[in-house]
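Colleague: I grabbed these lines from TrEMBL:
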- A:13-52: DNA-binding region (DNA_BIND)
- A:76-176: domain 'CoA-binding' (DOMAIN)
- A:87, A:88, A:89, A:90, A:91, A:92: NAD(+) binding site (BINDING)
């Protein structure tokens, strides 16, 4: 992850903490609060904010409402976050109905597949034939897609998406795809993560070697 | 991620690359090959291997078969990797049938839920009542679970699992859970990843500020 992405991730976490603080009735937040919640130093919080001209002061703190709405603009969160699901097997269909999305303002607008058995253009979230994907993307100005296609189809699908206005994908297929300058790929390889967890547990237990 | 985890992740990636090289009929591998495939320096590959007494030489390379089987032992990959799915909503059920698992030797042995409608003790992968989870874990010596439960249930479930022989979870619920010394948590928050992707795209486009 580059430093830019790290800053964005922190800003997003500050924002999420503040939304929860606001739900508790709090009005102001101090850099120390955010530092504690996110696990960074208070000076880093202040540095992140000053970098984006988000104002407050060490003693008086920041107004949560102001800061959240400024962060929303900065993060593009004020815009609707429409996504499409490419590949509507079991995992793709689970994502289509994932109840964590509406809560954070993400809306799945369509799924795409080539299997006639899963196509359903009348469903609340339609599943359309993959050959319609480019037209749909341009008409609906889609920027982000999730890829839940079989491994052999993944790279070809990315090549197709790169020719549209899609600017990034979350890739669940079991192949690591690479980001390019104007197309971001975030790989979420579930089996790789589970394997790594087993390895870490195995290492912690055997402690054959100590890595410095 | 600490340095230990980074080394483990690299070893796992070396191993996966070599399995694919072997499938192509190759017999030997050079540190330069692995460096290219994984995107690190050849000297780091050699350092990683020498740290674990994996022998080879710069000119002669390493025998793929030897190296893969040594890595398998080192990574605990020679043991069966049984997991359970805690929370059998749509995402949990998609994971139960995820076809990426068998290929890498991960076997889902049971799911758990409290909803009578999804329980099915006769299925090839049974879905059992959550009250049976501790007994099942101990009988089957389960070490790893995936958590696909609603947010309010997540921490309580981790507390329950900590009292068993489970040593780590992959958490898909939309709350960040923390690892402790003897219990590893890997958070995979899908909506957070999608949000971050939107933010990164937004940033790349607006370039209001340049972060150094």
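Glycine residues also receive a Cβ, built from the backbone N, Cα and C atoms like all the rest.
All annotation found in TrEMBL is predicted automatically rather than curated by experts.
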Colleague: Including all protein chains shown, what's the count of other C-beta atoms within 10 A of the C-beta of residue A:91 (NAD(+) binding site)?
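Modeller: Taking every protein chain into account, the count is 25.
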Colleague: I'd like the per-state residue tally for the DNA-binding region (A:13-52) from DSSP, helix first, then strand, then coil.
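Modeller: The DNA-binding region (A:13-52) comes out at 29 helix, 2 strand, 9 coil.
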Colleague: Minimum Cβ neighbour count within 10 Å among the binding-site residues A:87, A:92: which residue?
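Modeller: Sparsest of the binding-site residues A:87, A:92 by Cβ contacts within 10 Å: A:92.
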Colleague: Average the pLDDT scores across the DNA-binding region (A:13-52) and report the rounded value.
Modeller: 87
Colleague: Can you name the binding-site residues among A:87, A:88, A:90, A:91 whose Cβ is less than 8 Å from some Cβ in chain B?
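Modeller: So the ones by chain B are A:90, A:91.
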Colleague: Looking only at the domain 'CoA-binding' (A:76-176), what are its DSSP counts of helix, strand and coil residues?
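Modeller: Helix, strand, coil within the domain 'CoA-binding' (A:76-176): 34 helix, 26 strand, 41 coil.
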Colleague: With Cβ-Cβ distance below 8 Å and at least 6 positions apart along the chain, what are the contacts of residue A:89 (NAD(+) binding site)? List them in sequence order.
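Modeller: Set apart from residue A:89 (NAD(+) binding site) by at least 6 residues yet with Cβ under 8 Å, we have A:113, A:118, A:148.
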Colleague: Would you mind checking how many other C-beta atoms are within 10 angstroms of the C-beta on residue A:90 (NAD(+) binding site)?
Modeller: 17
Colleague: Once the chains shown are all counted, how many other Cβ atoms turn up within 10 Å of the Cβ of residue A:88 (NAD(+) binding site)?
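Modeller: The answer is 26 other Cβ atoms.
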